[in-house]
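Enquirer: Mind having a look at this structure? Questions to follow.
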Amino acid sequence: MENSLKIKDIPKKERPKEKLLSYGADTLNNSELLAIILRTGTKGENVLQLSNRLLSKFQGLDGVLEASLDDITSIKGIKEGKASQILALAELFKRFRTFKSADRDIKIMSPNDLAMLINGEMSLLKQEILKVIFLNTKNIVIGTKDVFKGSLNTSIVHPREIFKEAVNKSSAKIIISHNHPSGDPTPSKEDINITLRIKECGEIMGIQLLDHIIIGKNGFISLKEKGFI
């Protein structure tokens, strides 16, 4: 890449930072936005070329944001400094999409409402997480909690952990959600069995299970809509 074009050789109005300042961030493509985060390229490679290489290696922006420290630093020319910039960007994205509702009530009226709340965070996880969303009698979210990490099965997912927290929060209803790191949200037999077990326990406790949402990479499935609840 000895003859690679340097950023200073690109017409000023076409450089990522200048384009953003002149025309707005929404006019930049993913490579240009990532270039602004990374700031500089590597030896023999300008920052736009580096950004394009990363996007190509990880098959798009979602792959870059899902990459681990080891994944990123395995790329030639990428040290811990640049890797930390990418990891920080990914974490900010997750936190932005995570439920942070100190100043407003969030009411869950449909599976789409819940998916919009948690999909951005959970679709990027590489490990299965079982999250419980606690609601009051008006379906307003009063809290969330990750109650289990790892592959779900009925022998290790205990309803008592879920309902203990629900009682502590005076929750009238709950929704459970977990992700499939494979990207396919199709429910397994274990997913269905866990759902039915929690539903039965909820009926005994007087705390209604409204739904079980399974999050995949590009979508979600509601077990209520599938007729299991």
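Even glycines carry a Cβ here, placed using N, Cα and C.
Model, not experiment: these values are computed from the prediction.
Grabbed the feature section from Swiss-Prot, which reads as follows:
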DOMAIN    107-229  domain 'MPN'
MOTIF     178-191  motif 'JAMM motif'
BINDING   His178, His180, Asp191  Zn(2+) binding site
Enquirer: How many helix, strand and coil residues does the motif 'JAMM motif' (178-191) contain under DSSP?
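Expert: Going by DSSP assignments, the motif 'JAMM motif' (178-191) contains 3 helix, 2 strand, 9 coil.
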Enquirer: What count of other C-beta atoms do you get within 10 angstroms of the C-beta of His178 (Zn(2+) binding site), across all chains shown?
Expert: 24
Enquirer: Tell me the residue counts in helix, strand and coil for the domain 'MPN' (107-229), as DSSP assigns them.
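Expert: For the domain 'MPN' (107-229), the helix, strand and coil counts are 39 helix, 36 strand, 48 coil.
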Enquirer: So for Asp191 (Zn(2+) binding site), how many other CB atoms are inside 10 Å of its CB?
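Expert: If we count other Cβ atoms within 10 Å of Asp191 (Zn(2+) binding site), we arrive at 21.
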Enquirer: Within the domain 'MPN' (107-229), what mean pLDDT does the predicted structure show?
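Expert: Here the predicted model's pLDDT, averaged over the domain 'MPN' (107-229), is 88.
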